[in-house]
Structure formats: structure tokens, C-alpha cells
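Feature annotations, courtesy of TrEMBL:
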type: BINDING; residues: Val13, Gly14, Met15, Gly16, Thr17, Val18, Gly19, Thr20; note: NADP(+) binding site
type: BINDING; residues: Lys107; note: NADPH binding site
type: BINDING; residues: Glu192; note: L-homoserine binding site
type: ACT_SITE; residues: Lys207; note: active site, proton donor
type: DOMAIN; residues: 356-429; note: domain 'ACT'
Amino acid sequence: MSDAKRPVGVALVGMGTVGTEVLRYMETNGDELAARIGAPLELRGIAVRDTSKDRGVDSSLLTDDPVSLTLREDVDVVVEVMGGIDIAKPLLIGALNAGKAVVTANKALLAEYTDELAEAADSTESDLYFEAAVAGAIPVLGPLRRSMAGDQVERVVGIVNGTTNFILSEMDSTGAAYSETLAEASRLGYAEADPTADVEGYDAAAKAAILASIAFHSRVTAKDVYREGISAITPAQFESARHMECTIKLLALCEKVRRSDGTEAVSARVYPALIPLGHPLASVDGAYNAVVVEAEAAGRLMFYGQGAGGAPTASAVLGDLVAAARNKVMGGRAPGESTYRALPVATIDDVVTRYHVSMSVHDRAGVLSQVAAEFSNHGVSIAQVRQTESEQGAELVVLTHRAAERDLAATVSALSEMDSVREIVSVIRLEGEDQ
Ligand SMILES: NC(=O)C1=CN([C@@H]2O[C@H](COP(=O)(O)OP(=O)(O)OC[C@H]3O[C@@H](n4cnc5c(N)ncnc54)[C@H](O)[C@@H]3O)[C@@H](O)[C@H]2O)C=CC1
Ligand SMILES: N[C@@H](CC=O)C(=O)O
Ligand code: NA
């Protein structure tokens with residue numbers, strides 16, 4: 001057999017929601033994949049935690065020793081879909097050091113350690129692919145890395161977590177509380193093994209770090225990303241959003257910003273925000289994700305599709321597997337890491353946006369002007385005020401014009417000290433008015 005026709009050996013690590021679907025499509029579409037690669041894929045083994053469990057596969061393929069499996073001579077590509085960092089990190093670095101190509105969906109790992117993984121990949125000129133790690137099935141990393149390699153990306157804004165988008169969509173349409181819909185998101189295979197990663201924004205922050213690093217050619221890790229989750233979002237906030245013809249979405253925002261000292265920096269942040277109903281991201285519902293990329297020459301691009309779930313994620317993994325296997329057969333290598341710009345990371349204080357501040361106040365003369373004065377004292381300009389009466393007093397909702405986060409924070413802190421303000425009920429940012 002000529003070298004070009006030699007089968008490409010694959011090690012699958014993890015056989016959960018995603019791994020099961022990867023395997024299914026490898027089997028059912030094997031001939032087509034072979035035609036695209038120029039050689040058949042051959043599964044050398046599957047690393048699982050419990051080899052005694054019946055998984056409907058040839059049990060001789062199962063092993064609980066992922067290290068030995070991935071380092072086998074006849075393994076060319078390692079597909080890692082088990083998640084976690086402690087085992088996956090040395091496993092994948094070891095595989096790359098041994099010259100194996102790696103395909104992974106593990107955003108938690110990539111958001112912290114892409115530099116170490118890329119260094120190992122470079123040491124043996126191996127491939128490291130991870131399209132599934134951001135926005136599931138949606139091809140977004142490939143386009144950013146390849147198709148947009150000649151452009152200057154200015155901003156990336158997206159809904160990149162299927163679980164929270166599913167929950168927020170349900171809260172908006174049915175008035176349900178977030179905890180009621182979380183179990184359903186887990187059942188549907190959207191949520192992480194520990195769903196705290198989803199609802200508290202860690203998963204989206206990991207994806208924001210990966211997106212920002214690739215978009216701006218500068219290393220951003222998950223720790224650099226400002227993060228707020230959705231667990232404090234209430235049905236009342238949705239009601240308030242509707243008054244403003246808005247909805248609430250958990251957004252990942254990555255952009256180049258000018259800091260107060262005039263230097264350029266990268267801002268990466270994740271938080272629930274109001275967005276106008278007419279904004280293209282407002283109609284992205286359920287486990288769907290969407291990523292809007294703004295670039296100097298391209299203008300605005302939008303990528304949309306299923307961001308979570310076994311089969312959609314398997315689509316991205318399989319695309320990478322075909323690419324990595326084809327490189328093994330034909331030669332060549334995927335574009336490597338490109339973080340030559342080494343921009344500093346901006347803090348949340350450097351962000352400028354609009355705010356919706358809801359507070360409970362004593363219903364007496366002069367309160368409105370005192371509150372307005374506090375915004376003005378900190379240089380935060382008010383766009384709208386709405387007051388509603390309640391048994392306890394009054395609720396005051398203030399929508400600001402664009403203001404710096406540090407000024408808004410100082411305003412809120414001063415308001416919370418005022419005698420006439422009973423409680424700051426919520427502060428939520430308003431994004432996407434420039435669409
Ligand atoms: N489910 C989804 O929608 C998406 C998941 N991902 C990522 O894909 C990866 C896998 O996710 P899921 O399939 O949803 O998770 P899962 O929890 O359903 O599957 C992971 C599997 O790996 C196994 N595993 C864990 N440690 C192991 C070890 N040391 N050796 C062998 N097997 C081990 C677990 O027993 C489990 O069966 C994660 O990194 C996740 O963040 C990425 C995009 C979407
Ligand atoms: N838990 C994640 C899975 C995909 O990355 C999500 O809900 O988006
Ligand atoms: Na993707």
C-alpha cells in the first residue's frame with residue numbers, strides 16, 4: 001500500500017454526549033470521510049472511565065488508560081472530548097510532543113493553556129484543531145483564522161453559550177425562573193458536566209478568551225475575561241426589558257478599546273445585557289448561538305447555528321478530524337497560533353456602554369432630582385427615567401447614555417448611600433444599539 005493510502009489511526013478520548021455522536025458519524029459516514037481524506041479513518045481505541053459499561057461498541061476498543069492509547073504508534077490523530085483540565089492537559093501535550101495531531105472541544109483547557117498546547121504542537125509541527133470549542137457547530141474559529149487572516153478584526157460580539165441562551169429564551173417566553181429550565185438544558189446535552197460553568201458565565205468566558213486571542217492576535221486567557229452569569233436574572237427584569245422593547249441575552253464581547261491613558265488594549269467580557277428586539281442577536285433563541293464579527297475591510301459578518309448538543313458539536317469535531325487526517329495523508333499543517341501583538345487586557349473600568357439602573361426609592365418630594373444629581377455628579381448622563389408606584393414606595397428606572405463603567409460604579413455606590421434610596425434592585429448594561 002502506498003503511504004498516501006495508509007489508514008489514519010484515531011484515538012477517541014471520552015464517550016459522552018459529544019464522543020458518542022462523533023463515533024456514530026465516523027461509522028455511518030466512513031466511506032465519505034475516507035474519500036475526502038484520501039485514506040480511511042481507523043479507530044484504534046476509545047478511552048472511557050468505565051470499560052465494563054455496555055456502550056454498543058466493540059468492547060475490545062475500550063480502555064481506561066488514555067495515555068497509553070494516545071501514544072500508540074498507530075495513532076495519528078487524538079480526538080479529545082472528555083473535558084476537564086487536570087488529565088486532558090498533560091495528555092494532549094504528551095500527544096502533541098509525540099507528533100500526534102489533536103482535535104479537541106475542550107474550551108476550559110484551551111482558554112487557559114493554548115500557549116502550552118501550541119508550543120507542544122510547534123515542537124513537532126503537529127496540528128491542534130478546536131473548532132468545536134467555540135459555538136459548537138458554527139464554523140467561527142476557522143473563518144477568523146483563515147478567511148479573515150488579511151483583515152483587522154475590531155469587535156466580536158456573540159451569544160456563545162447554548163445552555164444560558166436556552167434558559168433566558170424560556171424565561172422570556174414563559175416567565176419561568178432560571179432554575180426551572182436548567183434541568184431541561186442538562187437533559188438535552190447542552191450543559192457542562194458542572195452546569196455552574198454555564199450559568200455563572202465561565203463557559204462563555206472561556207470562549208470569549210479563545211475568540212479574543214484569535215481575533216486580535218493577542219493572548220487572552222479566561223482569567224482576563226470580566227464575567228457575570230445569569231443566576232441573578234429575574235422575571236421582573238424581563239418585564240422591564242419588554243417595556244424598553246428589549247430582551248436579555250448573555251453576551252460575550254471582545255473588542256479593541258482605548259484605555260484612559262490612550263493605550264490600545266483588548267477588552268473581553270461576559271455579562272447578561274439588554275439588547276433591542278430589532279438587534280440580530282435578539283432573535284437567537286434556544287440552544288442556538290450567533291457570533292457577530294466586525295472587521296475593517298469585511299464590515300459586519302454574522303455566524304449563526306447550533307452552539308451545543310451532541311450532534312452539532314460532533315459536526316465541528318469531525319470537520320477538524322477530516323482536516324487533521326488529510327494533513328497526515330497529504331502533508332501540510334493548519335495555521336498555527338498567532339499572538340504576536342501581545343496587547344494588554346483592559347479592565348472592566350475601561351468599558352464604555354449604557355446602563356439600566358433599577359432602584360427602590362422612598363416616594364417623597366425631591367427624590368427624583370437628588371437621584372438625577374448623583375448621576376450628574378459622576379458625569380453619567382441620563383437618557384430616560386421611569387417611575388412606578390408600589391406599596392413599599394416607588395421604583396425608579398434610569399437608562400443612561402454611554403458612560404464609563406468606573407463612573408457608573410461610583411454613581412451606584414453613591415446612590416446606595418442615599419437616605420432616599422431604599423435599595424439598588426439591579427444594574428444591567430444595554431448593548432447593541434449601534435446595529
Ligand atoms: N455538550 C456540548 O454541547 C458541548 C461540549 N463541548 C465540550 O466537549 C467536551 C465533552 O463534552 P460532553 O460530551 O458534553 O461531556 P460528557 O460529560 O457528556 O462526556 C465526557 C465523557 O468523558 C468521560 N471521561 C471523563 N474523564 C475521563 C477520563 N479520565 N478518561 C476517559 N473518559 C473520561 C466521561 O465519563 C464522559 O462520558 C467538553 O470539553 C465540553 O466542554 C464543546 C461544545 C459543546
Ligand atoms: N455547555 C455549553 C456546550 C457548548 O459549548 C453550552 O451550553 O454552550
Ligand atoms: Na464552532
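Glycine too: its Cβ is placed from the backbone N, Cα and C atoms.
What TrEMBL says about a protein is an automatic prediction, not a curated fact.
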Filtered binding-site residues, from Val13, Met15, Gly16, Gly19, Thr20, Glu192, whose Cβ is under 6 Å from an atom of ligand 2: Glu192
Those recorded positions in Thr17, Thr20, Lys207 whose CB falls under 6 A of ligand 1, listed in sequence order: Thr17
Binding-site residues listed as Val13, Met15, least Cβ neighbours within 10 Å: Met15
Under 8 Å by Cβ from Thr17 (NADP(+) binding site), counting only residues of that chain that are 6 or more apart: Gly189, Gly309, Gly310, Thr313
Which listed residue (Lys107, Lys207) has most other Cβ within 10 Å, given these are recorded positions: Lys207
Conformational class of Val13 (NADP(+) binding site) under the three-state DSSP mapping: strand
Euclidean distance between Cα atoms of Thr20 (NADP(+) binding site) and Lys207 (active site, proton donor), Å: 23
For the NADP(+) site built from Val13, Gly14, Met15, Gly16, Thr17, Val18, Gly19, Thr20, further residues of that chain with CB within 8 A of the site's CB center: Leu12, Glu21, Val22, Leu23, Val81, Met82
